[in-house]
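> Input: one structure, supplied below.
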Amino acid sequence: MEFSELIKTATVESVLLSCVGLPAVKGTLCITSHHLLLSSCPGGDAQPGTVELWLLIRNVDAVEKRVQNLGWYQPPWTNGSPQDTRLAGSSGTITLRCKDLKVLQLEIPGMEECLNIASSIEALSSVDSVMMMYPFFYRPQSLKLEEGWHLFPLEQYFQQIASQTNQWRLTDVNKDFTTCPTYPPAVIVPAAVDDDALRKAARFRQGGRFPVLSYYHPKNGTAMLRSSQPLTGPNRKRCREDEKLLGTVLDEGERGFIIDTRSAQAAKQARMTGGGTEPKSSYPQWRRLHRPLERGRPLQESFIKLVEACNDTSINMDRWLSRLESCRWLSHVKAALSTACLAAQCMDREEASVLVHGTEGTDTTLLVTALAQVILDPSCRTLVGFQGLLEREWIEAGHPFHLRCARSAYSHARLKQEAPLFLLFLDCVWQLSRQFPFSLEFSERLLLTLFDNAYASAYGTFLCNNEKERCLCKVKEKTHSLWAWLNQPGEKKKYLNPLYSHNALVIWPSVEPQSIQLWQGLFFRWIRSSQYLDEAWAEIQRLVEGNDAPVKESAGNRLSRSLSDPAAQTEDKR
Amino acid sequence: MYQALLEPEVGDRNKTTRGGVWGFSETVVKATVPALVLHSQISSIEKQATTATGCPLLIRCKNFQIIQLVIPQERDCHDVYISLIRLARPVKYEELYCFSFNPKLDKEEREQGWKLVNLHEEYNRMGIPNNYWQISDVNRDYGVCDSYPTEVYVPKSATAHIIVGSSKFRSRRRFPALSYYCKDNNLFGANKFNDDVTPYSASYRMCVNMASICRSSQPLSGFSARCLEDEQMLQAIRKANPGSDFIYVVDTRPKLNAMANRAAGKGYENEDNYSNIKFQFIGIENIHVMRNSLQKMLEVCELKSPSMSDFLWGLENSGWLKHIKAIMDAGIFIAKVLIEKDWVSFGHKFNHRYGNLDGDPKEISPVIDQFIECVWQLMEQFPCAFEFNERFLIHIQHHIYSCQFGNFLCNSQKERRELKFWSGMYNRFEKGLHPRQSVTDYLMAVKEETQQLEEELEVLGEKLANLQKSQLTDNKVKSKQQDGSKRLGLSTSNNNLANTPQEYSNDLKSFPSRSPSQGDEEDSALILTQDNLKSSDPDLSANSDQESGVEDLSCRSPSGGGCLPSEDSGKDSDEAVFLAV
């Protein structure tokens with residue numbers, strides 16, 4: 001496939017770009033294989049050809065077009081200006097709704113051009129082949145390709161654990177992805193269980209996701225494991241190796257908790273389709289807790305409804321709260337946080353090990369295990385530690401980013417496997433940052449950047465569904481890592497929380513409804529100005545960091561920041 | 001909410017002074033936990049069904065605190081109940097706490113406090129009196145209007161005859177008087193007429209023109225009555241604002257209420273009778289609606305472990321944020337009006353609205369709560385625009401009701417979605433709900449420290465200059481020490497970071513662990529019991545210091561080391577307990 005085949009019209013003059021909260025700009029629109037560019041007309045501006053928009057086409061979630069054929073009608077106001085005569089003939093408006101939730105409007109003179117542009121954007125944005133995506137073409141000079149891909153090796157994480165206990169071992173049973181296609185080559189398992197037993201246990205778990213170590217709590221030596229559901233089926237099958245694997249985690253007389261992220265009924269129903277839960281008789285030391293969390297389509301629909309509500313300017317105060325309630329999003333945030341807190345409480349307070357799983361073990365399971373670690377482990381609350389956590393518990397753990405983040409809240413396409421679990425995780429972390437403003441080393445800006453990059457990125461970090469696919473596509477050889485870019489000294493500074501101070505303690509958040517807030521920084525990012533809050537933030541930075549160079553953003557910076565994606569900015573600087 | 005068990009105290013304190021319960025005429029409770037409640041803070045007292053431990057008494061305070069006392073003897077409980085009812089609503093002003101509160105200030109200091117906000121100075125600041133506005137002594141001895149101050153500011157062209165005439169045409173004789181004058185004529189000003197004392201009671205109105213805000217009560221217009229002097233008064237106000245052809249008359253009531261008032265001989269100005277006025281209703285509900293709304297919202301706050309939906313539905317049904325929004329919308333008309341001038345001097349019915357004295361419960365309204373909340377909403381959106389912080393607002397709210405002291409800005413484009421629920425206020429006493437770390441405190445510490453360091457730097461700089469004359473080697477050492485102390489200082493100012501877990505397993509009760517319908521009997525292990533989990537919190541919340549969490553956590557962790565053992569250590573085990581199954 002050639003990109004050029006998809007581009008019907010590459011450039012159009014006199015296109016008017018408008019966006020909520022910013023003045024409209026007129027310029028030349030240009031479509032490249034991965035970007036939509038708009039540079040303002042020379043003459044009007046002192047600097048000719050200023051780039052006003054640099055939008056990754058992958059970021060486009062929905063394209064809406066509206067054309068008016070005004071051939072027979074000459075609007076009186078165009079009579080005076082000859083250059084607008086073409087406008088009088090026909091024109092069209094394209095509304096681009098992006099995955100990062102911003103909405104852009106392009107007014108394009110000429111009906112045909114408008115339709116061409118729209119269909120080109122549609123075609124380019126729905127290219128589904130990973131190898132054709134922008135990260136495989138993006139080559140910034142400031143970064144090296146291999147940089148950032150091996151910052152957080154599991155070996156290193158294992159060494160930390162091994163220095164405290166010898167109950168765990170690192171296994172390469174999955175080195176060619178045969179035992180479990182969605183696990184990374186190396187995983188941490190109980191030392192007492194050999195690879196053969198692991199292979200057998202894998203056959204008893206959906207998708208081969210046998211229980212592996214997710215987090216070791218150094219304070220009391222308890223462990224958090226994750227897996228997929230056991231394949232007990234209607235005949236209540238058992239697997240001795242799986243039972244042994246879980247049995248060795250607990251000493252005699254010790255109890256552990258299985259946190260099932262489905263309702264008891266859903267778990268029971270899963271038996272009909274070959275899944276199920278761990279029966280007490282086969283796993284006598286484990287107690288099951290069911291904490292149903294929303295996933296899949298209902299979660300995506302909740303996200304869509306929330307974004308719709310946030311963009312609806314017609315509702316007033318007396319309808320807003322019930323509208324917010326009907327979206328259910330905040331309930332999902334509350335449920336996710338509560339479940340993660342329960343897991344953390346079991347470990348820290350009950351001194352009991354925990355196994356977390358739902359059905360596939362790639363969605364709500366990871367949400368709970370990753371969140372529990374942010375709550376429990378101070379090292380996950382640093383900028384680098386948080387990156388390591390994402391790498392270990394989301395990316396390598398096989399959260400299917402490619403499927404889940406294929407479409408965002410605006411798409412008209414039929415929903416396939418999209419679900420904003422990663423966004424829900426980021427929202428929960430944001431809630432933590434509200435309640436513990438000193439305890440996270442990174443700022444809201446990092447969370448926003450991660451959200452943007454998970455849905456459309458110049459970097460390969462969030463590409464594909466698992467490590468096996470990344471290997472096949474040679475993601476780590478052919479694309480740049482987001483971490484390499486984030487960790488550049490100049491860039492890193494933007495994501496730090498000036499108020500951070502190391503807090504070695506567990507951070508127990510409040511999960512009462514009064515404490516759960518709507519993440520305005522994300523859901524209203526493009527709708528209302530954050531000027532006064534930005535100023536307050538700059539003031540805080542100034543106070544904390546002394547009087548050196550207050551961080552001030554000029555109006556111009558704001559414009560470019562809001563219109564172009566972060567990757568383009570770095571590109572622009574070259 | 002916490003429980004104070006007061007077995008030892010009740011007996012002997014019961015017999016002491018004046019209606020006294022515990023020997024303090026003003027302070028109700030002095031238990032082992034540092035709980036001190038002023039009688040005037042009490043909003044309602046409820047006797048609950050007697051239990052095995054005693055007779056519970058539920059006290060709801062006006063600052064949204066809820067206290068439950070468990071008194072062993074029924075008879076004692078009833079005595080306490082009767083006493084509190086009497087004490088919470090004194091009949092005379094002299095019984096209020098401020099008349100006996102003596103914070104060790106001499107007379108001069110006390111008088112200084114009262115002079116802090118001087119009406120003359122306030123109006124001088126606005127540039128009044130001037131060519132158009134003057135002080136009128138028409139209300140000396142409160143002869144015209146008893147709820148206005150003796151000195152009022154009116155247009156120069158308004159004669160005493162006009163003022164008196166106008167006052168007779170106004171509810172409670174509150175004739176139009178100047179509230180705020182905007183020196184800079186380019187700015188948007190507003191003209192406000194306050195009525196029957198509270199902004200939302202039957203008839204609050206304001207007049208807006210380009211430079212000043214006046215206020216009055218509703219006119220006694222009925223269906224057709226008119227008053228020449230009142231019409232002249234409004235004309236005078238318009239003339240006092242040269243350059244504007246009309247004035248807005250803003251009625252803060254919903255139009256329906258205003259129309260209903262006409263039947264009672266009151267109502268609103270007829271545009272035909274007044275030259276050059278423009279009329280507008282803002283639709284702020286009356287005090288009865290507001291009181292009910294607050295009541296409903298507080299009920300939502302009191303819910304035990306509500307779901308997200310319960311909370312949002314409850315909050316919406318209470319309509320509280322809707323009212324806040326309406327008031328803030330009205331606030332867009334008025335700019336920079338100071339509390340003192342607006343709420344006290346012009347006779348806001350403090351007493352009736354806040355129920356400090358015994359009176360008609362229907363007259364109580366949460367207007368000041370709403371005003372304070374509006375300021376908080378603005379602070380949330382414009383963090384840099386206010387000199388004071390959230391704590392100041394909460395403090396003011398507390399003192400309005402405590403009666404411990406004798407007294408009491410903005411222009412914004414408000415959007416519905418930006419209004420938030422203020423848990424810092426309405427759930428103030430549920431420590432578990434609040435952010436565990438205060439940015440304000442931290443920043444203030446940092447600011448103070450920076451200032452100290454700068455002063456020190458200056459001193460050192462001077463020393464350095466002196467030293468350089470003699471020796472050049474000494475100073476390096478000193479500056480290094482300085483660096484070290486800075487790091488150290490910051491980390492200590494920031495130490496109370498911890499907290500304790502709350503009842504995350506609360507929802508377990510909804511987990512049908514023992515339900516036979518579930519069929520799967522192996523699942524029926526109720527692991528974390530509700531009651532045991534609950535017990536972890538009460539004591540902690542009574543401990544005003546959140547640091548208890550630090551100790552609590554560390555005593556479990558041998559590796560943590562170095563921390564003090566804590567009184568909480570014994571409790572650790574009951575936070576979540578296994579049921580032997």
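Just so you know, glycine gets a Cβ as well, placed from its N, Cα and C.
Just so you know, TrEMBL annotations are computer predictions that nobody has curated.
Owing to the predicted nature of the structure, the values given are computational and were not obtained by experimental measurement.
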> If you look at how TrEMBL annotates this chain, which of B:107-134, B:163-190, B:219-246, B:443-470 comes out as coiled coil?
B:443-470
> Can you work out the mean pLDDT of the predicted model over the domain 'Myotubularin phosphatase' (B:113-527)?
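65, rounded to a whole number.
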> For B:ASN286 (substrate binding site), what is the secondary structure by DSSP, using just helix, strand and coil?
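Going by the DSSP assignment, B:ASN286 (substrate binding site) belongs to neither helix nor strand, so it counts as coil.
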> Starting from the Cβ of B:ASN286 (substrate binding site), draw a 10 Å sphere and report how many other Cβ atoms land inside it.
19
